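Single-structure report; data block below.
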Amino acid sequence: MTLPGTAIAALALPLDNSFASLPPSFYTRLMPTPLPAPYLVGLSAPAARLIGLDPAAVNEDTVAMFAGSRVPERAQPLAAVYSGHQFGVWAGQLGDGRAMLLGDVATPQGPMELQWKGAGMTPYSRMGDGRAVLRSSIREFLCSEAMHALGVPTTRALSVAGSDQGVVRETIETAAVVIRMAPTFIRFGSFEHWFYRNDEASLRILADYVIDRFYPALRDEDNPYAALLEEVTRRTARLIAQWQAVGFMHGVMNTDNMSILGQTLDYGPFGFMEAFDAQHICNHSDSQGRYSYAMQPQIGHWNCYALAQALVPLIGEVEETQAALDVYQPEFGAAVDRLLHAKLGLTQIPEQQEADRQLLDGLFGILQDSHADFTLFFRRLAGVQAASNAGDEPLRDLFIDRPAFDAWAERYRARLRAEASDDAARKAAMNAVNPKYVLRNYLAQQAIEKAQHKDFSEVERLLAILQRPFDEQPEHERYAALPPDWASALEVSCSS
Ligand code: AMP
Ligand code: MG
């Protein structure tokens, strides 16, 4: 595994330190706390290649770097400060309690920041130990790369490194470090931080940094800050539409977990919808269901409102702020409509708008009543034929209420005929948007349990499958199956 000379190459990552150019009050410089005897748990080859790291050249020194036990030469590690609303309540200062920025690397997609998550305590750790456990690190690693492959905007994950060092949660677990990548990890809460401190100068510095670096076109707008709010609101609306369409539930949509780039950020107690229930709550700690599947769109809007409030001092006018926020509903509605039409293999036709709304309402009604598996439903829907029910059987099997399904399927067929839909072409198009493979909780759990016994093969296999979620991969059929009975007892909480 060790190739001479590659240690230097890996550790000499061509890092810049853009974020560190902000005033010192935005962060604390510090070094990660090394973990003893780190080992490689998972590596995303595409993510590695993106930052110019040859996956084949990963060696002991690279793994030590992944674990935060070695620091690349040009890194200027820092933990950033931010605040936020947690579960709807102002929580005051939070900050990177266990994440540390290494710096940013130029890539074909623009600069990518690299961040260790779980690399030790920072001034913002509060009651935490600065660590992350293997279980939650594997979940974040797999889901980041799975979401990317699904075409959902997200932070990426490069690696997971583990160590036998114990970490106390409900039981004693072991430590791990994920390296995450994103153009920036600035959150809504980064802005709220300066607003609640009445520090308009710092607020402006942050907004100018974000505009100049990530939204340069907005600089020419009459009010760049209003334009920033509007663009972030649009991206957030579109992001959440994509979550709904793929059945992703974030679990902790606090404002400190909302990316200013409109990417999925911070994978904790997330889940993918299985037996459909619009009220499903994936986070066991969320007793009120604030972040249930059905609530996500509304919460996305609420979070944009929190960002808007923080930006009022820069935007200047409440009316303009309100106008920027008002784009949320139409943007979300249009995005969901587009995505659902694609999932059903339908063309958006103005004359069919009202009928399609009823068709979709009817669909979510029967999914809910039968608790049909969300991913399998849309994947199997591609097998329906416009002319007859000959292809219905695999889909029909997912329903308890078969007559309700049959009635809906007839309406769907009529709608397909109304646009003279071609079965083969539609199937190909639908299979390109309805994934066969998603990160079901029980699949993650199986990979985690093996990894806890030092067998990382399932992490690798699952990652490879999830990197091609739309491909049939017949050799991996069982990864697309309904979850086993024991899966319903799995609980994921904020403990990570
Ligand atoms: P989260 O809900 O995971 O987004 O975390 C909320 C806040 O708690 C952030 O400021 C995290 O950095 C911090 N935090 C979570 N877990 C830990 C930990 N084990 N040690 C230190 N800080 C943590
Ligand atoms: Mg967070």
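Glycine residues also receive a Cβ, built from the backbone N, Cα and C atoms like all the rest.
Keep in mind that TrEMBL annotations are predicted by a computer and have not been checked by a curator.
According to TrEMBL, the active site, proton acceptor annotation covers D256. Taken from TrEMBL, the feature ATP binding site covers G95, G97, R98, K117, D129, G130, R180, R187, D266. Here TrEMBL flags N257, D266 as Mg(2+) binding site.
Location within the structure of each feature annotated in TrEMBL.
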{"residue": "G95", "record": "ATP binding site", "Cβ neighbours (10 Å)": "22"}
{"residue": "R98", "record": "ATP binding site", "Cβ neighbours (10 Å)": "22"}
{"residue": "D129", "record": "ATP binding site", "Cβ neighbours (10 Å)": "15"}
{"residue": "R180", "record": "ATP binding site", "Cβ neighbours (10 Å)": "26"}
{"residue": "D256", "record": "active site, proton acceptor", "Cβ neighbours (10 Å)": "22"}
{"residue": "N257", "record": "Mg(2+) binding site", "Cβ neighbours (10 Å)": "21"}
{"residue": "D266", "record": "ATP binding site", "Cβ neighbours (10 Å)": "22"}
Rounded inter-Cα distance in Å - D266 (ATP binding site), D256 (active site, proton acceptor): 9
Contacting recorded positions for ligand 2, chosen from R98, D256, D266 when the Cβ sits under 6 angstroms of any of its atoms: D256, D266
Cα-Cα distance, maximum over G95, G97, R98, K117, D129, G130, R180, R187, D266, record's ATP binders, Å: 22
Residue pair D129 (ATP binding site), D256 (active site, proton acceptor) - Cα distance, angstrom, rounded: 19
D256 (active site, proton acceptor) and R98 (ATP binding site), Cα-Cα, nearest whole angstrom: 14
